[in-house]
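Taking it in order: structure first as structure tokens, then the write-up.
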Amino acid sequence: MDCSPPGSSVHGIFQGIILEWVAISFSRGSSRPSFLALGRGAVQTYEPIVKVPENRPAKLSCSYSGFSSPRVEWKFTHGDIRGLVCYNNKITASYENRVTFSDSGITFHSVTRKDTGMYTCMVSDEGGNTYGEVTVQLIVLVPPTKPTISVPSSVTIGTRAVLTCSEKDGSPPSEYKWFKDGVEMPVEPKSNRAFSNSSYTLNPKTGELTFDPVSASDTGDFTCEAQNGYESPMRSDTVHMDAVELNVGGIVAAVLVTLILLGALIFGIWFTYSRGYFDRAKKGTSSKKVIYSQPSARSEGEFRQTSSFLV
């Protein structure tokens, strides 16, 4: 028997619709609390994005209301990695030494870069009639290290040259800038008069700088800088690159030397045949003869030389 007052079920439905609409409104780019509500329950977080330096504690908030007997789960995702942090109000074995559960969220005692990812707090009643969830993004801040670069020492004008820059330790991932002779290279070379004669593409996400084609003005000293918004940017060593003309004279000289050597080899073979050196060598080897005679019958126990070889 339903003991609720008249109109209470209708009121509950409208309450759920209103809460869900507010949840969507708050969760789209707002710094105010975001939450998702279904039925009469509401789940919210007061900090959808948490940024914490490595080896520091981090609190991921998740508060809820409207649940008679709430069951809380926390799930972790980062790319293809999945994990369960909390199940039925209890921290799982893989996190129990690092994370503490409370009615207001979970707390990491000390975070590492591997903890970066999305954490979803899901709350439901035991009967399953009420459900709500909210997602918190944790970003563990790690400063970038000195980037390594690959720059060819010499490239031919008119060809394609690729310069690379990378560092793997920064969190969030670093973005990259390139400098030529101490001047920052813009993403669009035509936007700066100093690089208007150069044809290159620069990818700040990957750190790849591609010249296609290389021009004479691309000669210079190149440096790369990595930054991720946490602490100071880090610069690489400076490497010099020369853009040189194609050495046509050297190529022609190499071809001529090759042809001369090949001609000398052919002449040597012809001269040897014409003098009969190969025929004499054949006659010398065929003059030796081997004579073999059958052994004659001999009595048992008798031993004597019964065959001979004459050379």
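Sequential numbering from 1, following the chain as shown.
Each Cβ is built from the backbone N, Cα and C atoms, and glycine gets one as well.
Database features (TrEMBL):
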type     : residues : note
DOMAIN   : 33-137   : domain 'Ig-like'
DOMAIN   : 147-240  : domain 'Ig-like'
TRANSMEM : 248-273  : transmembrane segment
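For the domain 'Ig-like' (33-137), the DSSP-based tally of helix, strand and coil residues reads 3 helix, 61 strand, 41 coil. Across all of the domain 'Ig-like' (147-240), the predicted model scores a mean pLDDT of 95.
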